[in-house]
Amino acid sequence: MIAKKNYAEKAQMKKTLKMHEESSSRRKADEDVQEGAVPAYLLDRENTTRAKVLSNTIKQKRKEKAGKWEVPLPKVRPVAEDEMFRVIRSGKRKTKQWKRMVTKATFVGPGFTRKPPKYERFIRPSGLRFTKAHVTHPELRCTFCLEIIGIKKNPNGPMYTSLGVMTRGTIIEVNVSELGLVTPAGKVVWGKYAQVTNNPENDGCINAVLLV
Amino acid sequence: MAMNTVMCLLTDAEGTPLGSAMYIPHNAGHLQLINLVNTFLNNEEKLSYSFYVSDEELLVSVGTYMERNSVSVENVLKIVYRQQAVFRIRPVYRCSQTISDVHEGEILCVSFSPDGKQLASGSGDKTVRLWDLNTETPMFTCKGHKEHVLAVAWSPDAKCLVSGDRDGKVCCWDPSKGELLGNALSGHKKWICGIAWEPAHLSYPSRRFVTCGKDGDARIWDFTLKRTLIVLSGHTRAVTCVKWGGDGTIYTGSQDSTIRMWEITQQGQGILKHILRDHAGWVNSLSLSTEYVLRTGAFDHTRQVTCSDEEMKKIALERYIKAKGKVDSPERLVSGSDDFTIILWEPSVSLQPKQKMVTTARVTGHQQLVNHVYFSPNGQWIASASFDKSVKLWDGVTGKFITAFRGHANCVYQISWSPDSRMLLSCSKDSTLKVWDIGTKKLKHDLPGHKDEVWAVDWSPDGEKVASGGLDKDLKLWKG
């Protein structure tokens, strides 16, 4: 049954990735005489035809407005609170139970300082803190070890997003200055979103796929 | 009261000093320097000048400049003066008209007539269209080509229009009626890359024009006889651009990376004069320092009424001499190539390049192929458009790099100067046109609006309008 679900997920991811590919496809121009009039200075140059990138940007703008994003893993198994947190007993008689320890991988950021331990409600153990993620580029099919900048959204709830918990399906922002991407305006891209694809608390590392 | 003075030497762009070194008061500003130059040159009307010290424009008073740059008072300050155009063109900033659905194909070339009264555009729908500039509507549709119209050129007397297409055929039109004169002239075996007319001061009314094509030949045609006069063959690959110089030399640049200079003898033979070899890639574009004047012939910004043929020829000759600079200064040629370099030549002086605007430093040169080079109408600057998304400005006399205009997000295709040489217009693959100010060296206006790549742009010689067209089949007219 799990295998079936995995297969369904894999098929869905492949479909989405292929859709992404099609929207920015480039095809080599043939020796067409009727269509494709080009000025004299472009005639001898090999030009690739673009498949209407213009409408794609409009569609993307609409999706941004609606707040819906197409991600490789659209649905993830919800994580229950008792699975996410472990109750820590405190106090002289160990009767107080208001402290919780996170059992999943977290990201805290470089300038993180703990609250005074007496008043800390959520404990994020340093053993489960990660700074880097192995990010795969879906088209180039190669993996880079990139630094995490922050957590964008955890599908299990805004509380986990604010705590910085990374579970499967979380959208994180990674530093892609290594990849050398440039926007059409000429500016260098240094942060991009990626989605976590494994269970980091089981594996000890974060695997993610870049959202292009 | 002791007046602080500065020792200065005024020189012109080519280095000849105006008088000897003199003491100029500290607080001498722009106006005082203009008065000084005008007195020295004995100008009847006060002409406007701009002043440069070590290639930077002098905008403040001389004294302030010395303080700011801590130049020693003991040294003689060299100030270069350049004449600015007497008239001022209004910068173009708004689209006055978008004409869609008239051309059924992409617009491949636009050209204003030299008197600025008419506009011709050639397109992929095999027609040439003439536009009425007063009402901004189409006037005539000229059908006669069987293939995309790649090049269109007006004669310097504004009476003849010639267009070349992808089949190699050349059509002659009567622009006042929009009629095809004769048949489509065949001769070239492959598509036509460029057309150039004989200058007005050499022959008035205009009769001869030269076309260059992919087949490697350049052909000289006679407009009235409707046939080829001379075939200039020699290039081994496509000839991408051709220019007819003011001294009668024809320059052709080709994909075989050479530039050939041809001459027409008294007997009517075309002979090869010289070959300029220095590029390592296709020569994409040529420009002469007097090009603008040769294109506009006897018409200038004053929009004169037509006079007799001899008078027009005389006026054209006067304008040509003035544009050349001094009487014995040679015509300069600049060529832009696929090897990312631009070379400035003085072909009548020497066969070796005068200045190579080359990527030795990789900082000042272009990082991608150079698509279009164009001398400013006063011959003082050279602008180059490249596929590296920048437009670069170079000194027109020495070839030194001045500044780069960055702002386009994709390849820059073509450039056009405003008739007073104060503004530069560039069109690009990113569907925008940009107006750059030469004085401040910054972007003046951004002209978005086209839906797709812009392939052709032209600024009318009277400075009133700009026309642009490209892949989205719309012709846009912009006004100041």
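Yeah, the Cβs are placed from backbone N, Cα and C, and that goes for glycine too.
Annotated in TrEMBL:
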type: DOMAIN; residues: B:6-65; note: domain 'NLE'
type: REPEAT; residues: B:100-141; note: repeat 'WD'
type: REPEAT; residues: B:142-183; note: repeat 'WD'
type: REPEAT; residues: B:185-231; note: repeat 'WD'
type: REPEAT; residues: B:232-264; note: repeat 'WD'
type: REPEAT; residues: B:363-404; note: repeat 'WD'
type: REPEAT; residues: B:405-446; note: repeat 'WD'
type: REPEAT; residues: B:447-480; note: repeat 'WD'
For the repeat 'WD' (B:142-183), DSSP counts of helix, strand and coil?
0 helix, 23 strand, 19 coil
Should anything in the same chain at least six residues away from the repeat 'WD' (B:405-446) have a Cβ under 8 Å from its Cβ atoms, list it; otherwise answer none.
50, 57, 84-85, 87-89, 91-93, 292, 301, 368, 371-372, 374, 376-378, 380-381, 383-393, 452-459, 461-463, 466, 468, 470, 472, 478
Using a Cβ cut-off of under 8 Å, list the residues of the same chain at least 6 residues beyond the repeat 'WD' (B:447-480) that approach it.
87, 89-112, 114-116, 119, 121, 123, 131, 133, 136, 295-296, 299-301, 303, 413-420, 425-435
So which residues does the repeat 'WD' (B:142-183) touch in its own chain, when a touch means Cβ under 8 Å and the partner is 6 or more beyond its ends?
105, 108-115, 117-118, 120-130, 189-197, 199-200, 204-206, 209, 211, 213, 215, 221, 223, 226, 294-299, 312, 316
Segment confidence, the repeat 'WD' (B:363-404), expressed as mean pLDDT:
86
